[in-house]
Amino acid sequence: MSDDRVTIFDTTLRDGEQSPGCSMNTDEKLRVAEALCDLGVDVIEAGFPVASPGDFDAVSKIAERFGDRATICGLARCRDGDIDAAADAVTRGERGRVHVFLATSAIHREHKLRMSTEQIVERAVASVQRAKERVEDVEFSPEDAYRTERDFLCEVVEKAIDAGATTVNIPDTVGYATPQQYFDVIKMLKESVPNIDRAVISTHCHDDLGMAVANTLAGLEAGARQVECTINGIGERAGNAALEEIVMALRTRSDHYGLTTGINTRKLSPVSRLVGGVTGQGVPRNKAVVGRNAFAHASGIHQDGMLKNPATYEIMRPEDVGFVGTDLVLGKHSGRAAVKARLTELGYTPDDATFAEVFDRFIDLADRKKEVFDADLAALMDAKLSGSGSNRERWTIKSLHTSSGTTGVPTATLELIEAPAEEGGETKIHRDAAIGDGPIDACFNALERIIGIEGRLDDFVVKSVTRGKDALGQVDVRLYAGGRDRHGRGVSTDIIEAGARAFLQALNRADADRRDPG
Ligand SMILES: CC(=O)SCCNC(=O)CCNC(=O)[C@H](O)C(C)(C)COP(=O)(O)OP(=O)(O)OC[C@H]1O[C@@H](n2cnc3c(N)ncnc32)[C@H](O)[C@@H]1OP(=O)(O)O
Ligand SMILES: CC(C)C(=O)C(=O)O
């Protein structure tokens, strides 16, 4: 491999699986392994074969089926049984790797392993040699390498390479290093270990302080050429470095890193969804690269920028990571540009006056609803278009208040704006209140009194435009008024308001005929 090509070692099926609640059965592991091959990872760490017969079976089957598409790796402690199990499983396929590890930091040596430094070196060397008898491709990890004394780390790494390790992995097992510190340790190994050129240096960073990806990238800058990572960053505790973030950082900032991978980035989002589904650990909306919000824009200024040139607010193209496209989410922070663009996409070409009115209704709706969907916007537009035909209706609602319940008389208090008949004329406000059989009936009675036209309600149909508790309700009314049948439509998250708007639209039509009978 050329010196600028980074080996992607995916450990979703091993370290990722160690994340609480993320364990996978053999079928699930096979599905993920196939997706990882399609994605183009170089090495799949498929499991820890000695851990259970099920894991042995999964690693063996993955090696059999996919060992010709990626190197399949099995993890082993420095114990003969572990190494033999890992070798037995991975050698079922064409390209197998055994990954042996042994902790080297003082705290792990003294409290967990209860071994001296001499014993550690001896056991590491013997284990690498045992693995080497079975496979050519052996990786060695000094667990908790970052917290290991530097001289001792150099010694273990050198001896592991002499024993046959072709990859030396430098784990920041507890996610303690900062990017600069991780850079320094990799650089130090490159400069101080005499035989380091005979092995690939690998990174394995945990995310306890949220620095796993930054540390991994720092490791690459210092000379590492393999990265261990997982889809969606799943793994022990806070997780591992996220594969999708590393790959897209290298690609997007190739000007800075000058490194490449063999990953087909268009598969990143599908693999992320697969792993999220199989593990039941969904991807947070704001997750970099693969989260639902990664290419979604909700604020008007950003939406306006995106419509003018996507490069204003996106540094990657959504299609390049497998998203259909940018999502301009309509809501209370949206501006005119985004709403107009969406209406055009939906096939509407409102004139300025119609758009101004629909935009006002949109903002009013967006204040009550988390997200305004296409169907909501279409309903606002349709309600407007099914109006009197003139751009501005003579009567519009300024405010509406109703009271109703199991006791007392339902009442409605309404304020209507009466638009001037001619340009430059005076706008008038009318107020009235009425009672009725229910709050909607009370609204209708108040509307009739203010406008001075009576209607006989023949039909009242209410339906929900979208789903959810805050869905927009649409009311269609048919009433006989001014000697004719009239239709009216109103939409609102409040069904009483939607009914009043529908009734008012029908009365506006009757009023237009009254004023202009011809
Ligand atoms: C940083 C990492 O991610 S390391 C990988 C972590 N992954 C796992 O643990 C995989 C799931 N684990 C398992 O299924 C089990 O723990 C097994 C099968 C590996 C071992 O199970 P058990 O034999 O019951 O041992 P247990 O888990 O209780 O303790 C671990 C033992 O391994 C020893 N050990 C830990 N790491 C190593 C190592 N790299 N090499 C040799 N021995 C080790 C511990 O000192 C301890 O030994 P002890 O029992 O003599 O005190
Ligand atoms: C086994 C090693 C590589 C590991 O997972 C760690 O140190 O975090």
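Cβ atoms are placed via backbone N, Cα and C, with glycine included.
Take the Mn(2+) site that TrEMBL assigns to D15, H204, H206: the candidate from N240, N264, N286 listed for it is N240. DSSP places the residues of the region 'Regulatory domain' (396-518) in helix, strand and coil in these numbers: 34 helix, 52 strand, 37 coil. Each of the binding-site residues H204, H206 was scored by the other Cβ atoms within 10 Å of its Cβ; the lowest score goes to H206. The average pLDDT for the region 'Regulatory domain' (396-518) in the predicted structure is 92. DSSP assigns D15 (Mn(2+) binding site) to coil in the three-state reduction, placing it in neither a helix nor a strand.
Non-local neighbourhood of D15 (Mn(2+) binding site): E45, H204, E228, T230, G235, E236, N240, each in the same chain, at least six residues away, with C-beta under 8 Å from its C-beta.
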